[in-house]
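Down below is the structure, laid out as structure tokens.
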Amino acid sequence: MSGSPAVVMRLVASAYTVAEKAGAIVRKVLHSGELGIVEKTGANDLQTLADRLAQQSICASLYRRFPKITIIGEEDLPAEEIKEDLIENGHSEEILQKTCPAEYSGLKEEELVVWVDPLDGTKEYTEASRLLHHPTGALTPHKGSDTSQLHSTALWLLDNVTVLIGIAYEGKAIAGVINQPFYNYQLGSGAELGRTMWGMPGLGAFGFTLKEAPGDRRIITTTRSHSNKVVTECVDAMEPHEVIKVGGAGNKIIQLVEGRASAYVFASLGCKKWDTCAPEAILTAVGGKLTDMHGNAYRYDANVKHMNSAGVLATLRNHEYYVSRVPQSVRQALKTD
Ligand SMILES: Nc1ncnc2c1ncn2[C@@H]1O[C@H](COP(=O)(O)O)[C@@H](O)[C@H]1OP(=O)(O)O
Ligand SMILES: [Mg+2]
Ligand SMILES: [Mg+2]
Ligand SMILES: [Mg+2]
């Protein structure tokens with residue numbers, strides 16, 4: 001490679017390190033026990049101090065380096081001076097060494113739209129915190145006790161949490177970074193927590209080992225905290241061998257690419273563009289697909305509606321099968337934009 005790296009590669013390289021910093025903020029707020037929870041539209045739509053700080057950190061850090069990009073973050077925050085210790089100036093040297101796919105090498109800052117979900121799986125994050133900071137002391141569990149059980153549940157919930165930074169060009173998700181702040185929780189105290197995955201269609205996906213779910217089983221991953229009758233009806237229509245209910249859109253895409261699930265099915269509104277942009281880029285980079293329940297692609301232009309009104313259907317393989325199983329009643333309930 002000659003000359004300076006392509007703008008989009010520099011942006012992904014920065015987003016990688018910025019997502020790591022956001023992940024560290026998410027861990028720190030959890031340990032403080034002071035979550036500062038705010039209800040947005042209701043009890044299942046929450047915002048915490050971690051969502052706020054992580055978004056401020058991500059947006060301010062990226063804008064400092066790339067002043068002309070458009071960033072759309074989940075949280076509505078007042079414009080204010082960001083504390084310097086929230087700024088991340090680093091980047092991943094490894095990403096800068098990669099060759100940018102030719103079609104993206106000439107993209108300009110002002111053509112890129114960045115979709116930021118500072119904390120995906122907020123509901124699970126707050127539930128985990130409640131368990132960990134339970135008066136019976138689940139933070140310091142004794143083996144075999146009830147608190148040990150609470151502790152395990154809390155850690156399992158925390159594994160649902162991710163930080164999502166997606167990059168779009170001409171309405172398409174062309175790069176994505178996912179940080180999973182509590183990855184490796186099974187290794188116990190003292191283990192270094194967190195990992196970062198990233199991907200770009202045409203270049204590949206990194207930070208995990210791609211694995212396909214068993215071809216002879218339909219394992220459906222779906223919502224844990226935003227279910228309703230239509231959601232359940234649609235999962236049942238897939239004739240699943242197994243259903244896994246977990247939190248977070250990022251987390252469910254990780255399950256697809258690591259072979260724990262064959263399809264992510266969410267026949268409801270609720271997920272927004274920042275939930276799906278980064279996951280879609282990584283999934284597409286390994287040959288998968290993310291669409292609405294009709295099999296139509298979502299667009300990520302700066303001016304699109306934020307809500308993914310026609311649901312989310314994502315697979316690594318056999319997308320058409322799952323689209324074909326969506327019941328007529330669901331198709332009618334969820335119209336393509
Ligand atoms: N009804 C809803 N209200 C608010 N956010 C939702 C809703 N449904 C889904 N989401 C967002 O999509 C993610 C995936 O959904 P689910 O966990 O239910 O499968 C959630 O973690 C949440 O993102 P976030 O946690 O960033 O607010
Ligand atoms: Mg939210
Ligand atoms: Mg989210
Ligand atoms: Mg969020």
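From the backbone N, Cα and C atoms, a Cβ is placed for every residue, glycine too.
What TrEMBL says about a protein is an automatic prediction, not a curated fact.
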According to TrEMBL, which candidate in GLU74, GLU170, GLU320 joins ASP117, LEU119, ASP120, ASP275 at the Mg(2+) site: GLU74
Additional residues around Mg(2+), ordered along the sequence, whose Cβ is within 8 Å of the centroid of GLU74, ASP117, LEU119, ASP120, ASP275: ASP51, VAL116, PRO118, GLY121, THR122, THR162, VAL163, LEU164, GLY248, ALA249, GLY250, LYS272, TRP274
Residues among the binding-site residues ASP117, LEU119, ASP120, ASP275 that border ligand 2 - Cβ under 6 angstroms, in sequence order: none
For GLU74 (Mg(2+) binding site), the three-state class that DSSP assigns: coil
Where the C-beta lies under 6 angstroms from ligand 4, the matching binding-site residues among GLU74, LEU119, ASP120, ASP275: GLU74, LEU119, ASP120
Of GLU74, ASP120, ASP275 (the binding-site residues), the residue whose Cβ has the fewest other Cβ atoms within 10 Å: GLU74
Under 8 Å by Cβ from ASP117 (Mg(2+) binding site), same chain, sequence gap 6 or more: GLY73, GLU74, THR162, VAL163, LEU164, ALA249, GLY250, TRP274, ASP275, ALA278
